C-alpha cells in the first residue's frame with residue numbers, strides 16, 4: 001500500500017475499508033456476507049461474477065466484494081485486487097478433496113503485489129457439518145504458518161448459524177485499523 005493511499009485514508013472522516021472475499025466455489029462466501037448483513041440465506045445460488053455490499057460496522061464503512069470462485073472465474077480475481085485493505089479467504093472445511101486446490105489458490109494470491117500489506121482473514125466455514133476439518137487441521141493443510149507476507153488469522157465459523165462470523169470480522173477490522181488509521 002503506497003504512502004498516498006495511507007494519507008488519503010487517514011484524512012477520511014468516514015473510515016471506509018475495501019474487503020475482498022475470495023475462495024473456491026461453494027465455500028460459502030455469499031452466505032457469510034448475507035448472514036453477516038442479516039439477510040435471508042435460504043436461496044443462494046453460485047455467484048457468477050461478483051456482489052458488492054456496503055455496510056456499517058463499528059464505525060467503519062465496509063465495502064465488501066464477494067467474487068465467484070468457480071475455476072473459470074479465478075483468472076478474473078486479479079481485476080478486484082486494487083486498493084484492498086483486507087482479504088477474506090473462505091474455506092469449505094468439509095471439502096477435504098479440494099484442500100490442496102484451496103492451498104494453491106491462496107498461495108497464488110499471497111504473492112500478488114497489489115494485495116501486499118492486506119490483512120488476511122481465513123474463515124474455516126461449515127464447522128457445523130459432520131466431518132468438517134478443524135481450524136488447526138486447515139491451518140496445517142493450507143500451510144498458514146509459512147505466511148510471512150501478511151498479518152493473518154484463521155477463524156472457524158458457520159455461515160448458516162452465524163457462529164464466529166463477528167469475532168473474525170472484528171479481528172480483521174482491528175488489524176487493518178492498527179495499520180492504516182491514526183488514533184483519533
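Keep in mind that glycine also has a Cβ here, set from the backbone N, Cα and C atoms.
These numbers come from a predicted model, not from an experiment.
What Swiss-Prot records for this protein:
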| type | residues | note |
| --- | --- | --- |
| LIPID | 2 | N-myristoyl glycine |
| BINDING | 23-30, 66-70, 125-128 | GTP binding site |
| MOD_RES | 45 | phosphoserine |
| CROSSLNK | 71 | ubiquitin cross-link |
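Counting in whole angstrom, residue 70 (GTP binding site) lies 12 from residue 45 (phosphoserine) by their C-alpha atoms.
The most crowded of the recorded positions listed here (26, 45) is 26, judged by how many other CB atoms sit within 10 Å of its own CB. Residue 67 (GTP binding site) is 13 Å away from residue 45 (phosphoserine) when you measure Cα to Cα. Sequence-distant neighbours of residue 71 (ubiquitin cross-link) (same chain, 6+ residues apart, CB-CB distance under 8 A): 25.
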